[in-house]
C-alpha cells in the first residue's frame, strides 16, 4: 500500500525517524499530528534567517523590507486553498480561543436584532463553549448546547448563530458542514465553524458552502509548530459588516496615522488585532511549503484509506472486545483520526508510548490516533495496531468504567 | 563616559555592529530599541534547540518534558523583578492589545456597581483607546479621555478605572504612576497601567505602588523579538476576583479534564487564554537572560545619563531652532527616549537612516530616538546628534507645519 501511495514521497518533507526505540531499533510511529504536527524540514533554516538577518541585521526595517507587516494576510492566503477559500478571506494571528471570541461576537453583531441565543455544539472542545459563553454574556445573549445532528431541528428565528466543530476532537466524527450551514441559513442564523481538526486533513469548502465565519488551528494538520497562530475566515459578503470586539491598531484603516478614533480596514484585515507574532507566523509560513503541489482531495483519499486500514488491523490484532471504535465507519462521518474506547485507556496509552507508538489519551477512556496523510504511512498504521494488540493482550483487563489520569 | 559606564560590557550580549555604512565604515547607530529591541546573542541557539530537539524529536512530549505548558507563568516570573512584581503576578501570552482587553474588562468587573465610565489617557497609543472603547461598549460603560496630569482632578465615584500609559509613546514623557494610582484609589477607582515604554527601561514598582492591573510589551526594551507576546500583571489581592473576558481552556483549573463548564485556575493563570505561542515565548525567555546580574535602577541611571548627554549634544550640534525637544528635561518626567519636533521630520528621519542613524518618525512631526541602556553607548548618542546636525544643516528648512508620510 505504501508503494502504491502517490503521496508517499511527501514524507521526506518532514523530520521523521529521529527517535528510535532501543529495543526494536524502529523509529517512533507518530500518530499525534492531530495535536502537534511534525516539524517540516523547511522551518529551521527559515527561522535561522529570520533571527540572524531579518531581526539581527535589518531589525526595524524588516517590518516593510522583509514583509513582516503583511504576514497575517499573506499566510492567510496560503492557508485559504486548503479550506476552500478565495484570497482575502483568511487572516492569521492570535490563538484559536481569541479568534473564536472575534468570530462569535462579530457574528452576533451581524445577526438579526431579535436574536436571543447562540447554539454551541454540545460535544465541543471545551474552549469553544467557554468563549461562546463569555461572548454571549458580553452581548446579552444566552448559550444553548445542542448536539450537532440536532441543530437543524433546534435552530429558531431567535438563534443568532451556531458554533460547531467540523470534526469532534474526541470521537473524530465529521459533522455535516454543508447540511448544518444550510439549515442555519434557512432559519436566518449564521454558521461559525471550528476547523481545528479538519483544516489540512480534508476538504472544507468554506466558500462553496457559504460558511459565514470559521476559525482553525495551524499546529495540528498544518504543522505550524507548538502554539502557532490560528486563522480566522470571514465570508467575503460579510466582511463589510464584521465588527471585531478586539479592534487593535493593526486592524485600523491607517495604522500609522495613530488616529485616536477607530476606523476599520477593509476586508479580512479587520480580524487583525495587535502586532503579529512574527517568529511563529513565519515558521508557519515555511511549514506551509510542504503543501506545494498537493491537492487536499488526494490527502482525503489517503486519510480514509489509512483510517480504514488501521481499523481493519485493529480488528485483526486486538483481542476481541478490548477496544471499541467510536470514530464512525461511514466515510462521510469520519475525520482523520481514529478514537478507540477502552478500559484503562490512560495506562494503555502510556504503555503504547513506551513501545514507540505515540497517540494520545482523552478523558475518560479514549485512545486517539491521528493520521496525517502527508507523513503517515500504511506501515505506521499497521505497526500501531500490532503494538496495541500486544499491549492489550498483555495487560490485564480492568473494570469497564476506569478513568485514566 | 563609555569607559566609566558600569553597564558597558552588557553590549556584548547583543548582536550589534552587523551593518556598516559603506561610506564611513561605521556600524549603524540603532536608536529604535523602543520599537524593536536588538537580537540578544542567546536567542538563535536556544530557538534552534527548540526547533530541532524539542519540536523535531520530542514533539508532543515537550509540553511536559520541555516545560512548554508552564512557560507563560515561568516567563512572567522572569519579567516580574524588572517591573517590581513578586512571583505569581505576571503571565505572558497574546498581544498587548488582547491583554489590554483582558485588563480593562477584568477591571470593570471588579469595580463598584455604580460605575459608569472608564478614563483613558487622552494622549494614549491608539490601540489602548480603541480597545478601551470596545471593552466599555461590551460592559455598558462610557469612555472619557483625560490628560494623565488631570486624572486626579477628573476621577469621580462613577469611574471604574483609568487606563494610563506609563511613558507617552510619542513624547517620551513619564507619567506619575505612584501619584495617579494613589489618586485613583482615593476615589475608589482601579489603576490600569500600560508599561510598553517603561518595562525594561526604568523601575516601575507595581507591587510597591499598589497598581491593580498592568500590561506591557516585550519586544521593545525587553528585546523579545518582533511581535513577541505581551504580559499581564494582576495585583495579588485582586486575583481571586479577576474574571477574564477570554476564558480559554488554558486558564481552566483543570485544563485536561475537558470539562464543559468553566472553573478558573487560581492566581494569575486566569490571564491565560489558548495554547501559548511557544516559539515566541521561548525566544523571549532566552532574551531575558541578558538581564542576569543587572539591576533596573542602574539601567535607569544610565538611561538618564544617555538622554541628558544626547540632549546636550543636540543643543551643541544642531542648528539653533531647527529641532525642539518635546521630552521633558525633568528627570522625574522623562522615559528612556528623546523626541524632537522638527519640520519635515519624515524626510529628516529617512536621511538619518541613510546615514546610519536609526530612529523613527511619528506622525506628524516627531523624530524619536530610543535609548536602551543595555546596549546603547554614549558614543552612539553623540554620533546620532552629530549626524542630525549635519542633516538639518544641509537640508533646506521647510514650512513649520509639514506632516511627513
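Glycine is no exception: its Cβ is also placed from the backbone N, Cα and C atoms.
TrEMBL does not curate its annotations; it predicts them automatically.
It should be emphasised that the depicted structure is a prediction, and the values quoted were computed from it without experimental measurement.
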For the pyridoxal 5'-phosphate site that TrEMBL describes with B:96, B:97, B:125, B:126, B:127, B:128, B:194, B:197, B:219, B:249, which of these is also annotated: B:156, B:159, B:275?
B:275
When the recorded positions B:127, B:194, B:220 are screened for a C-beta under 8 angstroms from chain A, what remains is B:127
Span of the recorded pyridoxal 5'-phosphate site, as the biggest CA-CA distance among B:96, B:97, B:125, B:126, B:127, B:128, B:194, B:197, B:219, B:249, B:275 in Å, is 31
Measuring Cα to Cα, how many angstrom lie between residue B:96 (pyridoxal 5'-phosphate binding site) and residue B:220 (N6-(pyridoxal phosphate)lysine)?
12
Taking the Cβ of residue B:194 (pyridoxal 5'-phosphate binding site) as the reference point, list residues of the same chain whose Cβ is under 8 angstroms away and which are at least six residues distant in sequence.
B:96, B:100, B:121, B:124, B:125, B:128, B:163, B:164, B:165, B:166, B:214, B:215, B:216
Show which residues of the chain containing residue B:219 (pyridoxal 5'-phosphate binding site), separated from it by at least 6 in sequence, have their CB under 8 Å from its CB.
B:36, B:37, B:225, B:226, B:227, B:228
Take the C-alpha atoms of residue B:275 (pyridoxal 5'-phosphate binding site) and residue B:220 (N6-(pyridoxal phosphate)lysine) and report the distance between them in angstrom, rounded.
24
Whole-number Å distance between the CA of residue B:127 (pyridoxal 5'-phosphate binding site) and the CA of residue B:220 (N6-(pyridoxal phosphate)lysine)?
16
